[in-house]
Amino acid sequence: MDQVATLQLESVDLQSSRNNKEHHTQEMGVKRLTVRRGQPFHLRLSFSRPFQSQTDHITFVAETGPKPSELLGTRATFFLTRVRPGNVWSASDFTTDSNSLQVSLFTPANAVIGHYTLKIDISQGQGHSVTHLLGTFILLFNPWSAEDDVYLPSEILLQEYVMRDYGFVYKGHERFITSWPWNYGQFEEDIIDICFEILNKNLYYLKNPAKDCSQRNDVVYVCRVVSAMINSNDDNGVLQGNWGEDYSKGVSPLEWNGSVAILRQWSARGGQPVKYGQCWVFASVMCTVMRCLGVPTRVVSNFRSAHNMDRNLTIDTYYDRNAEMLSTQKRDKIWNFHVWNECWMIRKDLPPGYNGWQVLDPTPQQTSSGLFCCGPASVKAIREGDVHLAYDTPFVYAEVNADEVIWLLGDGQAQEILAHSTSSIGKEISTKMVGSDQRQSITSSYKYPEGSSEERAVFMKASRKMLGPQRASSPFLDLLESRDLRNQPVQLQLHLARMPEWGQDLQLLLCIRRVPDSTHPWGPIALVVRFCAQALLHGGGTQKPLWRHTVRLNLDFGKETQWPLLLPYSNYGNKLTDEKLIRVSGIAEVEETGRSMLVLKDVSLEPPHLSVEVSERAEVGKALRVHITLTNNLMVALSSCMMVLEGSGLIDGQIAKDLGTLVAGHTLQIQLDLYPTKAGPRQLQVLISSNEVKEIKGYKDIFVTAPGAP
């Protein structure tokens, strides 16, 4: 009998075009094989002769990370079989055709994610084996697989939270919410490599690379690592935070259009933190990384967000008798808004019932297990007050549920409680609506309706777990209960007389109504109201007063009065922060009793409007004319104007253009051509910044057709 010739591997076809399409990774390109775990992919092997399954033995070896080990789950050895054996590494369902072998490889739904090398050992009978490198592939989480911990059983939601490469971040103030377009760009070809570069620079990896890689099968672990690595407080993370006003050594957080430029800069400079980020930048970059890795992720904004470092579920704010909001050495603050992420996953580390959306916050606020990271904290656990559950649930619970107490300060001491609110924190919790550019309120996912019996019961439950049973008898609560804040002789409200615009005088109305009270139920009273206006910082603090005013009134019972107030542009024009927010405060003192009342109004000033239009249908590879229009409706010129355009699938990287000065009352019109590179829904983001206004943003949703499509 003639001896059969040795089986030699002549070529390999990883079929990346077919596989990437079936695995929803074709947006990353088809030059490399990029697949998702828990789902088969296909190879074609060409040999020197026909493959004979009875005598030719093929062993597949897949390895990832340093020092691959089967014990650690970073090395898998598996044989060619007729039928797939279950949720394990396998090569099965093979067919032969002449000298080629078509085979289906399967990765388990709990496999370690990462860059893999794939080899085969070929042997005949008891003869020696020969090892061949087949190639490399990238393995990602698979939210389309029911066996994966990130499984999301809705194609509509998967398109939004994994495949959508643009979105919106909600900023501003609870009554003046603005939507910021953002380019996530998770499918730009180099972003997947940068995401794994981030994982490979985390502190756990640097201490024990093999162990760190072995834990990348666990989405909870990966999320915590990414949360820590997006900030740079204790590692060479992606972004350096800056909550001041001096961004001269980097880029203002307001001037970023998307994540791609940030991630590329971090990688190109060898992992040096990019300057600068604030909460919406941290969260948006984390959204890019997690969607790229295959974890359904969204960006969430919480308005009037508590930063409760002492974990007492109370935020104290102080005013003096001149209505000035005072700075304090305490780290507790109420941020105008705070932005974090939600990632979708099963929580096998928690009791049943806490799967689904989990809060992850990459903004460095406090340490968690020694690192500046936060989460995952189950949104369900936050709603139910189950603050004992991992991770960092008490901190997130306080962000949306803490009480606010406002004090009148005199002679360095808190003299009087001006207000106590159980419902002023955690307002309008927002995210982008699925399949729409509209904002969706998800406040009800985080807490029961304010003031409801369920909400108060959950608050007391969380309080007992965080503070202990002594809370019920605290002297502070006794003081609150003894002080009837509603028993005041006057009702005060501040209203805007007209919509505020940056560059215009602000017109307000003080509305006053005399009502009966226990001290002076029917008689007239004398009232002194001292007003103060201050620039409001994103982190909850204020700057020095930019305007003061005093009003003296005599009020008879039942009388209603409206008093106009004017805050001139000359007072605030060069004193506001980039946020363009003003807090107008008033302290009214009843001369007969000395009792004080507080009235507040936060004012958000609208920047000029930016218009973005396209004149024809968009098609891959064909010129697309874009029209950008900006009218300066301010009283001052906009100097050193700079325009930056970004949009994955429309622009490779960014387009930057110096626009010079835009005189007050004049209109700027720009036309330029783009050449789209990818079909499907796209978004063009446009930012124009100037010395006077940092954030004039616009966007245009564009559907790009494939070449030659009807």
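Keep in mind that glycine also has a Cβ here, set from the backbone N, Cα and C atoms.
Here is what TrEMBL records for this protein:
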- C279: active site (ACT_SITE)
- H338: active site (ACT_SITE)
- D361: active site (ACT_SITE)
- N401, D403, E450, E455: Ca(2+) binding site (BINDING)
- 271-364: domain 'Transglutaminase-like' (DOMAIN)
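With the fewest other C-beta atoms within 10 Å around its C-beta, C279 stands out among the active-site residues C279, D361.
For N401 (Ca(2+) binding site), the nearest neighbour among the active-site residues C279, H338, D361, judged by Cα separation, is H338. There are 16 other CB atoms within 10 A of the CB of E450 (Ca(2+) binding site), with all protein chains counted. Looking only at the active-site residues C279, H338, D361, the one with its C-alpha closest to E455 (Ca(2+) binding site) is H338.
Between the C-alpha atoms of D403 (Ca(2+) binding site) and H338 (active site), the distance comes to 17 Å. Across the domain 'Transglutaminase-like' (271-364), DSSP helix (H, G, I), strand (E, B) and coil residues number 15 helix, 40 strand, 39 coil. A gap of 24 Å separates the Cα atoms of E450 (Ca(2+) binding site) and D361 (active site). Apart from the site residues N401, D403, E450, E455, the chain places the Cβ of T422, S423, I425, G426, K447, G451, R456, F459 no farther than 8 Å from the centroid of the site's Cβ atoms, the recorded Ca(2+) location. Neighbour count (other Cβ atoms within 10 Å of the Cβ, all protein chains): 21 for D403 (Ca(2+) binding site). Of the recorded residues, C279 (active site) and H338 (active site) place their C-alpha atoms 6 Å from one another. Sequence-distant neighbours of H338 (active site) (same chain, 6+ apart, CB under 8 A from its CB) are C279, S301, N302, S305, H307, T363, E399. This prediction places the mean pLDDT of the domain 'Transglutaminase-like' (271-364) at 95. Counted over every protein chain shown, other Cβ atoms within 10 Å are most numerous around N401 among the binding-site residues N401, E455.
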